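Taken from TrEMBL as is:
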- Asp411: active site, 4-aspartylphosphate intermediate (ACT_SITE)
- Asp411, Lys412, Thr413, Glu630, Phe672, Lys696, Arg734, Thr814, Gly815, Asp816, Arg908, Lys914, Asn937, Asp938: ATP binding site (BINDING)
- Asp411, Thr413, Asp934, Asp938: Mg(2+) binding site (BINDING)
- 481-490: compositional bias 'Basic residues' (COMPBIAS)
- 40-97: domain 'P-type ATPase N-terminal' (DOMAIN)
- 960-1188: domain 'P-type ATPase C-terminal' (DOMAIN)
- 1-21: region 'Disordered' (REGION)
- 453-495: region 'Disordered' (REGION)
- 73-91: transmembrane segment (TRANSMEM)
- 97-115: transmembrane segment (TRANSMEM)
- 291-316: transmembrane segment (TRANSMEM)
- 343-365: transmembrane segment (TRANSMEM)
- 1009-1033: transmembrane segment (TRANSMEM)
- 1074-1095: transmembrane segment (TRANSMEM)
- 1101-1122: transmembrane segment (TRANSMEM)
- 1134-1156: transmembrane segment (TRANSMEM)
- 1176-1195: transmembrane segment (TRANSMEM)
Amino acid sequence: AHSQRITEGEDGPEESQRARDKDLRNLVSNLPYEGLDKAKQPNRYFPSNAIKTTKYTLLLFIPMNLYEQFHRWANIYFVGLAILNFVPVVNAFQPEVALIPICVILSLTALKDAWEDFRRYQSDRKLNNTPCFIYSRKEKQYIDRRWKDVRVGDFVKVLCNEIIPADLLLMHTSDPNGVCHIETANLDGETNLKQRKVVPGLCNSDSEFDPESFSGIVVCEKPNNNLNHFKCYKPDKEKVGAGIESLLLRGCTVRNTDHAVGFVVYAGHETKSMLNNNGPRYKRSKLERKLNTDVIFCVILLLSMCLVGAVGHFLWLQALPGVPPYLVPDSNGHLDSPSLSGFYMFFTMIILLQVLIPISLYVSIELVKIGQIFFITNDIDLYDEETDSRMQCKALNITEDLGQIEYIFSDKTGTLTENKMVFRRCSIMGTEYPHKENAVRLAVLDEPETEEEVIFNQRPRPPQTGWSLNAEDTIPEDRQHRHGSRRKSKVSGNAQSDVAFSSPLETEVIPDRKLLQQISRPECSGGASRQTDPYLDFFLALAICNTVMVSMATAQRRRVSVPFTRKPKQNRTLSEDSVIEEDHFNPPVKTEGTGDTNGLQTCTLHALSRYNRPAATSDNLSYEAESPDEAALVHAAKAYGFILLGRTPDSVTVRLPSGEELVFEVLDTLAFDSNRKRMSVLVRHPITREYVLYTKGADYAIMDQHSEHLSGSQKNIAADTQHHLDCYAKEGLRTLCFTKKVVSDKAYESWLVNRKSALAAIDNREELIMDSAVQLETNLSLLGATGIEDRLQESVPDTIVALREAGIQVWVLTGDKPETAVNIGYACRLLEEEDLVINMSCENKVRRPLSASLEEVRRYSQDPRNVDTTPDISLVIDGRTLTMALSSDLQDRFVELARRCRSVLCCRVTPLQKSRVVKAIREKLKVMTLAVGDGANDVNMIQAADIGVGISGQEGMQAVMASDFAISRFKHLKKLLLVHGHWCYTRLANMIIYFFYKNVAYVNLLFWYQFFCGFSGTAMIDYWLMIFFNLFFTSVPPIMFGIMDKDVSAEMLLGVPELYRTGRGAGEYKRSTFWVSMLDAFYQSLVCFFIPYLAYQDSDIDVFTFGTPLNTISLFTILLHLSIEIKAWTVVHWLTMLGSVAVFFIVTLAYSATCITCNPPSNPYWILQSQMADPMFYLICIITTVVWDFCGAHVRKVKRHCLPLFKPIQPHNYIICVLFWSVHLTYADH
């Protein structure tokens, strides 16, 4: 965090100190101080706009990187041993040689870190040097500068399609209404345009704006990472406040606005976008925590072996009859006592046997995880063609945890469903309109296409500006025109992302015949009574009560279109208005398609004049909505002739079915929040001049504010509407209620005072604003309700069933009402028809029903008829009951009840409740959890789980940016967990166990040799070859084993989801498996040592001649052990295996031929060459390998019994073992 000082402005130090006390900052313009020294600049304490995301500098890279690497205890351990080897009395071999392994590991890691930091440096430099326009008082104009030159207090001008360089308070725009449109996709992934308006009271949106005319102080809050909130005011005579609606955020793009001028309030690392840039997520996996425990066991084992060596050396010296000539005293003729020599030998043995702790294991694990991520992200089955997106891995070190998931917590809207809202039904004044014609259209859209059918040139339907009572007549044409499933109606991802919620499924609505006749009555379309008609008010509420922005279809974002050529086997649908955004700096263009008989789609580019825009007709309007619900409602109103033509901060224009245009003055917009669960728009009626409040929201939020003093007819309307809402919910539809309230002049004036005070407040601003909204939203008159369908995504039921068969419990946490959620639960097979469903919905006391339900579930589980069966119990609980159930005294009971249920469905829950549920299950049951969602309301839940998965849907990218993994469809979760999760865990677990086996088996050769050299710490293998053995000869095959091995095929894992259970929990990496592998390594090291020892016993060979066959046999047995562990052989495995053997012989032969005294006084010269000329060398290698494999076969049988699933040796391995198979069969009978 940077310094948060507040500069002293014109009001003096007292005002500045008061602002300091409130955690505020005072900002003044830099223009009066232009050219002065930095010490005289009032905004000098604030950081510049230059950013620096690098971790290192050129001069301090080495010390800082070493400091980072020494956070790992393994690195400190090996550096300590290397330093210990420089002590003469305990050194085991040349001190310089001991530094080689740790130096290689540290250097490779440093190179990786340096490359990553250099890439960050290049990105920073490119961003800091981006051009922008800053106003200069000397030049009297905006001059061309760079982003890094921007300072707090500057005036910056941003042109259309340019990215905003800093957080700017909007002072002026080219729009006469003082509006600037921005696209926030770089921040939250939302592609719809958002409006920002000029700060009231600071500047006027005149055609000419002079920054030098700005004076005074702007007081704003300290920087924070909340993208949706901002507080600021100007302490003039009348305190004027501004919020996020007047702030242009760094990283956003200006759209549909020629230029905008802003005052810099936050720069550089204090901008909201930079404060939200937390970098990659780092978590510790469950397997890594187990690994650390086993490393401690290895340390204990190492200390035990060293203790044996120290005691053995002491006893050996005690048993000597005299002083042997090879024990050389020091310069004073003093010889250490046996006890002191034994003490020194303890440390010498630590240095000699240090490889028992696998130094290269951590680096190998990182490489394996990188390889696993590469294959996951490039899996074609996890690629979504419609959105042109593939799997993303954002947390690089928890891939193996995907194979350990026990609980999945899922959002509903946009995660299980498409988040494409389709208008289905509505209820107006107690009368229900089912829209059967529209249901037929939707059924047509669901008909599957043939594989060869591709639509390129579609004949557009004429726009429906009026109504036709013969709605059925349009259906055959519609069937022919719109044939095909919504899933296949797709172009490129860019085309889709241009305008959100704009597919034909969402935008086209066929009016209901009965409702069409009702609103076509003369008294509804004209006359004085028209202003009080509830049907008119209902559709006006649909068109007005939202934040939908309107633009011409020809004046949207700047795009360029290119010719498309029809390909014979390409299965795509291309609409006539499809365009692809290519260049932000090209003039706006429009695509006009004409088809020819050869299947060629030709496109014409027409540059649009900024001042020659077409008239606003219903067919060239484009709606930019922040949510799919709003888009669906506006398109529904448009279908009935209530067309939203335009929206400014101060007005909204609607065309009525008669063609008359009404311009409503917008007095205020009471935005939606999660507490009120509704939004309102206060307008002034253009004809009656009344203050009218239109409100929409959740049914329970509206009904609570409904007038308590209702007449008989109004009560009947409310009851009928509630009945319709319940029916909609049972059908799985999303429901909204609409109301109207006429506000008197006196009430409005009184309310306006409180509203202005709340908007200008700094402390508790959000609470005051919400209180002012609640104050007005009372005694509402009910108009009607709507039912909107959000369809399930493809293959959601199959995915949930497969996850359940894999032993994973699936929970759904949604904000929908229980009836809607239960309907969706049955549709996606979260709930089954034969399930015993426990519904928990309590007003105030939950202890008794919770205890009763838990007791009933326990009795069910204890019933002998239900033993060893999957419990078919499901729990449905609402948000109010969940709050009480998660209290400290009831949480254990709730968790116990939920644990015994197969599925849990939580309704009416808030984002905070979602995260509390995940934390409670994870902490109480000690299970691995995964949370999946697609919207900003799922971020808390995603971050609370062990693994967070974001779905890149229609609600932006907030969930994706907060997640560990990102997918585009819920169905991808099936292969991600059941296949890749299983593979990642089993591969890494087996590789880690193999690493321990390899190191222990090799180090024990040195340990057994100590029994024959007086425990003197001598090695029979050349030190350089010992180092090369782990660094080069045996390092690559286990890495490839960890990346590419497949114990079970993907088809088998998907077809038999129960196989996922075998790898979960302890899985491959059991404690027993670890110790059996250690026993295997000890046992086989005895075989590999004593067969050559007995063969060369009583001979006159030197120590290196004895050690060379041992080194060779170790290579063969270790690689052969790995070859038996490999379940699926590939060309890569063969190359790495044979390559390791080839590298061993090439390097050893070259070393023996060139290194005469590399390790004085030893002489390894020509050792291997002499051995390879001796038949005894080959005989020993063959016999030892055969005996090792015979002994190892029995150990492998023990290991198989330790595993939950028997895994037979694959046929590929028979090829390797064919020489020894007869030996196995011979002894198997005995």
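Cβ from N, Cα, C; glycine included.
Less than 8 angstroms from the CB of Arg908 (ATP binding site) sit Gly815, Asp816, Lys817, Pro818, Asp878, Gly879, Arg880, each of them six or more residues away in the same chain. The transmembrane segment (343-365) shares more Cβ pairs under 8 Å with 291-316 than with any other stretch in the list 97-115, 291-316, 1074-1095, 1101-1122. Put simply, of 73-91, 97-115, 291-316, 1009-1033, 1074-1095, the stretch with the most CB pairs closer than 8 A to the transmembrane segment (1134-1156) is 1009-1033.
Using a Cβ-Cβ cut-off under 8 Å and counting only residues 6 or more beyond its ends in the same chain, the transmembrane segment (73-91) has close neighbours at 98-99, 101-102, 105-106, 295, 336, 344-345, 347-348, 350-351, 354, 357, 359, 362.
Ranked by the number of CB pairs under 8 Å to the transmembrane segment (97-115), the listed stretches 291-316, 1009-1033, 1074-1095, 1101-1122 are led by 1009-1033. Listed in sequence order, the recorded positions near Asp938 (Mg(2+) binding site) (C-alpha within 10 Å of its C-alpha) are Asp411, out of Asp411, Phe672, Arg734. Ranked by the number of CB pairs under 8 Å to the transmembrane segment (1074-1095), the listed stretches 291-316, 1009-1033, 1101-1122 are led by 1101-1122. Secondary structure of the domain 'P-type ATPase N-terminal' (40-97) per DSSP, as helix, strand and coil residue counts: 25 helix, 0 strand, 33 coil. Asp934 (Mg(2+) binding site) and the residue listed as 'active site, 4-aspartylphosphate intermediate' have their C-alpha atoms 8 Å apart, to the nearest angstrom. Listed by sequence, the residues of this chain that lie at least six past the ends of the transmembrane segment (1009-1033) yet keep a Cβ under 8 A from its Cβ atoms are 92-94, 97, 100-101, 104, 309-310, 312-313, 316-317, 345, 348-349, 351-352, 355, 359-360, 999, 1002, 1089, 1093, 1103-1104, 1106-1108, 1110-1111, 1114-1115, 1140, 1143-1144, 1147-1148, 1151, 1155, 1158-1159, 1162, 1164. Phe672 (ATP binding site) and Asp411 (active site, 4-aspartylphosphate intermediate) have their C-alpha atoms 20 Å apart, to the nearest angstrom. For Arg734 (ATP binding site) paired with Asp411 (active site, 4-aspartylphosphate intermediate), the C-alpha to C-alpha distance reads 15 Å. Its Cβ placed at the centre, Arg734 (ATP binding site) has 23 other Cβ atoms within 10 Å.
Cβ neighbour count within 10 Å across all protein chains ranks Asp411 highest among the recorded positions Asp411, Gly815, Asn937.
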